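Note sheet for the following structure.
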Amino acid sequence: METFCLKVTFWVALVGYVIGDHPESYSTNLSTPVDFTTFHGTELSFLVTTHRPTNLALPSNGSMHSYCPQQTKITSAFKYINTVISCTIFIVGMVGNATLLRIIYQNKCMRNGPNALIASLALGDLIYVVIDLPINVFKLLAGRWPFDHNDFGVFLCKLFPFLQKSSVGITVLNLCALSVDRYRAVASWSRVQGIGIPLITAIEIVSIWILSFILAIPEAIGFVMVPFEYKGEQHKTCMLNATSKFMEFYQDVKDWWLFGFYFCMPLVCTAIFYTLMTCEMLNRRNGSLRIALSEHLKQRREVAKTVFCLVVIFALCWFPLHLSRILKKTVYDEMDKNRCELLSFLRLMDYIGINLATMNSCINPIALYFVSKKFKNCFQSCLCCCCYQSKSLMTSVPMNGTSIQWKNHEQNNHNTERSSHKDSIN
């Protein structure tokens, strides 16, 4: 876990190092004075206008009345370093999430309720990594929106924020469902369930995806290609353009809505159900049946710790970005002559927050690898193609979705049957 934390600290420091000294690239009236595409996301930046734009026109010298007195800019090194970070997240996210899905799919005894929710979370992250990250890399290197002068660019402009918001919604709702599932598992501690995904879990997963897509519809509606003029040339960029009263309302409350639903809700849900789970465990410390099932309860507690770790990582990855948005919404005043220092701080926090938030799409498999030794063995066996010969038998321990362990053929049938029975525990 220490290695994992050090890696996160390294990337944060790296991003902070390449930030330039130009705070005013965050204009509240325009996405950026020259380059609309230097940020690591569409919705996850200050590129969204606070007022409804029509056709934007910049002065030929690229300056505006609201700019800070000092000239500022983003260093060119940022593009390439941020591209390396994006490519790393792309590779790790694609390999990690795909491997996680393969592990759960190929091992029949791993197909249980908690694992199904983890697979749903991994699939949502995989979709974002495969589709959205390449667009980010193109924007960073090309300095413009892809296909910005044809209909396919308009399609990407709507698809990009839609998938981005859907992916976050899938993550948030799956974490809530995992917290509820862990409470149910502890509350019904005497129930031993067989192999398979419960019907209620399947319904939850389908509902999570449908709700996530529905909540992301305003993003697809609001984001359009907005034309603007700069130095006598016509350009287009993808940004939020409120054209109706509902979209104007959505744009006004968007930061608070994202902070409340997509950040606070999973934390509150986890706090509530983990508190109930702790009370349940303390109230049932005694009893002969509980003693007999102590191993199963221990395994369930281990899964609860794993889920809690995923929630904590989610909070750490997304908190800086939400904090910068709330501060920008409540504290920053574009008419304040002393705003430049605050804007520099918000800009730094925003860059760090954007990269951390994007990193969350690849970090869950890594977290499972370090938190669970059994999951670590499973990843190693899958990635390194270490298959045991006829002298080894693969079985899965508790159906809590955390492990795979290996048993020798030399074990007697009695022990094998006991191991198979333990595999059915969720």
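Our numbering is plain: 1 for the first residue shown, then up by one each step along the chain.
Cβ atoms are placed via backbone N, Cα and C, with glycine included.
Annotation source Swiss-Prot lists signal peptide at 1-20.
Model confidence over the topological domain 'Extracellular' (21-79) is summarised by a mean pLDDT of 41. The topological domain 'Extracellular' feature in Swiss-Prot is assigned to 21-79 (among others).
The N-linked glycosylation site annotation in Swiss-Prot covers Asn29 (among others) and rests on sequence analysis.
The N-linked glycosylation site annotation in Swiss-Prot covers Asn61 (among others) and rests on sequence analysis.
For 80-101 (among others), the entry in Swiss-Prot reads transmembrane segment, with the evidence type sequence analysis.
The topological domain 'Cytoplasmic' annotation in Swiss-Prot covers 102-111 (among others).
The transmembrane segment feature in Swiss-Prot is assigned to 112-131 (among others); the stated evidence is sequence analysis.
The topological domain 'Extracellular' feature in Swiss-Prot is assigned to 132-158 (among others). Taking DSSP states H, G and I as helix and E and B as strand, the topological domain 'Extracellular' (132-158) has 19 helix, 0 strand, 8 coil.
The disulfide bond annotation in Swiss-Prot covers Cys157-Cys238 and rests on sequence analysis. In three-state terms derived from DSSP, Cys238 (disulfide bond) belongs to an extended strand segment.
Swiss-Prot lists 159-180 (among others) with the feature transmembrane segment. Outside the transmembrane segment (159-180), and at least 6 residues removed from its termini, the chain residues within Cβ reach (under 8 Å) are 41-44, 114, 117-118, 120-121, 123-125, 127-128, 131-132, 135, 201, 204-205, 208-209, 211-213, 215-217, 219-220, 223, 238, 261-263, 265-266, 269-270, 273-274, 307, 310-311, 314, 360-361.
The topological domain 'Cytoplasmic' annotation in Swiss-Prot covers 181-204 (among others) and is backed by sequence analysis.
The transmembrane segment annotation in Swiss-Prot covers 205-228 (among others).
The feature topological domain 'Extracellular' is assigned by Swiss-Prot to 229-255 (among others).
Among the features that Swiss-Prot reports, N-linked glycosylation site is placed at Asn241 (among others).
Same-chain neighbours of the transmembrane segment (256-277): 168-169, 172, 175-176, 179-180, 182-183, 186-187, 215, 250, 304, 307-308, 311, 314-315, 318-319, 322, 325-326, 329, counting only residues six or more beyond its ends whose CB sits under 8 Å from a CB of the stretch. Residues or ranges marked as transmembrane segment in Swiss-Prot: 256-277 (among others).
Here Swiss-Prot flags 278-305 (among others) as topological domain 'Cytoplasmic'.
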Among the recorded positions Cys238, Asn241, whose Cβ has the fewest other Cβ atoms within 10 Å? Asn241
Non-local residues, at least 6 beyond the ends, that sit with Cβ under 8 Å of the transmembrane segment (80-101): 11, 14-15, 18, 40, 118-119, 122-123, 125-126, 129-130, 133-134, 136-137, 140-141, 355, 358-359, 361-362, 364-366, 368, 379, 382-383
Across the topological domain 'Cytoplasmic' (102-111), what are the DSSP residue counts per state (helix, strand, coil)? 8 helix, 0 strand, 2 coil
Measure the Cβ-based neighbour count of Cys157 (disulfide bond), defined as the other Cβ atoms within 10 Å of its Cβ. 25
Taking DSSP helix as H, G and I and strand as E and B, the topological domain 'Extracellular' (328-346) has 11 helix, 0 strand, 8 coil
